[in-house]
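*Asks:* Feature table excerpt (Swiss-Prot):
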COMPBIAS  71-80  compositional bias 'Basic and acidic residues'
COMPBIAS  158-180  compositional bias 'Polar residues'
MOD_RES   162  phosphoserine
MOD_RES   210  phosphoserine
MOD_RES   271  phosphoserine
REGION    57-82  region 'Disordered'
REGION    132-189  region 'Disordered'
REGION    138-172  region 'DYNLL1 and DYNLL2 binding'
MOTIF     49-58  motif 'Nuclear export signal'
MOTIF     211-214  motif 'Nuclear localization signal'
């Protein structure tokens with residue numbers, strides 16, 4: 001009678017797949033519960049209504065003036081987008097960035113790619129900075145902090161194309177610096193196509209291609225993941241890894257790369273399975289800590 005031998009690695013792989021399947025089912029159940037929360041019949045507290053709801057009133061015999069309401073709405077929109085002269089611009093900007101961060105997390109949880117979200121967010125921040133932090137020519141850097149409260153009359157000047165280009169570059173740099181994570185380095189080295197840098201990144205990734213790294217899961221636990229599970233070519237992984245802030249500079253210096261951070265970045269942008277399993281907030285903190293630790297070495 002013949003005996004059937006089962007490879008232990010196949011058993012471990014099957015158990016890992018079962019664990020991932022259970023976590024996926026838990027995630028789907030939580031999403032269903034969240035989407036049906038409005039059907040549970042929970043009462044609405046009057047105190048929790050938005051502030052504008054208290055201004056609404058009903059008239060029995062008069063129809064609302066639609067023209068007046070549209071003008072009021074436009075004025076309200078402009079007030080929300082532009083800063084009041086008496087308010088601190090730094091506090092408003094910080095509040096705006098907090099809202100941007102919340103929006104990024106929501107979009108990432110919905111399955112959108114991080115790079116697409118980030119490019120759109122940068123453009124929005126640039127628009128915000130351009131409107132609320134004007135940079136008129138002829139001002140010194142010392143009185144930039146008082147430019148929002150100054151009452152001096154504006155002088156009409158004809159700006160040259162080179163001046164407009166420099167101002168747009170300054171606003172873009174300001175937005176990237178202010179909106180990016182605090183310790184991430186936005187440098188030109190990340191955009192260099194240096195073959196030696198790509199070779200160094202590919203070499204370090206290839207050495208740890210099958211090594212499994214720990215990542216936080218949505219079920220308040222951890223799961224293991226490696227580069228091999230991405231099902232991507234090494235060239236594509238290297239191309240995506242060069243977008244991680246600071247990685248190109250570390251590779252150029254021959255330093256050790258934060259491979260767990262690189263794997264999390266690439267997987268979050270290319271693997272739907274990884275997006276379903278990972279806890280985005282904890283992952284961002286882990287990636288930031290890895291970058292800080294390797295950059296300080």
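Think of each number as a place in line: the chain as shown, counted from 1.
Heads up, the Cβ atoms here are built off N, Cα and C, so glycines get one too.
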*Asks:* What Cα-Cα separation, expressed in whole Å, is found between residue 271 (phosphoserine) and residue 210 (phosphoserine)?
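*Replies:* Just about 17 Å between their Cα atoms.
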*Asks:* Would you count the other C-beta atoms found within 10 angstroms of the C-beta of residue 271 (phosphoserine) for me?
*Replies:* 18
*Asks:* Taking DSSP states H, G and I as helix and E and B as strand, how many residues of the motif 'Nuclear localization signal' (211-214) are helix, strand and coil?
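*Replies:* Helix, strand and coil residues of the motif 'Nuclear localization signal' (211-214) number 0 helix, 2 strand, 2 coil.
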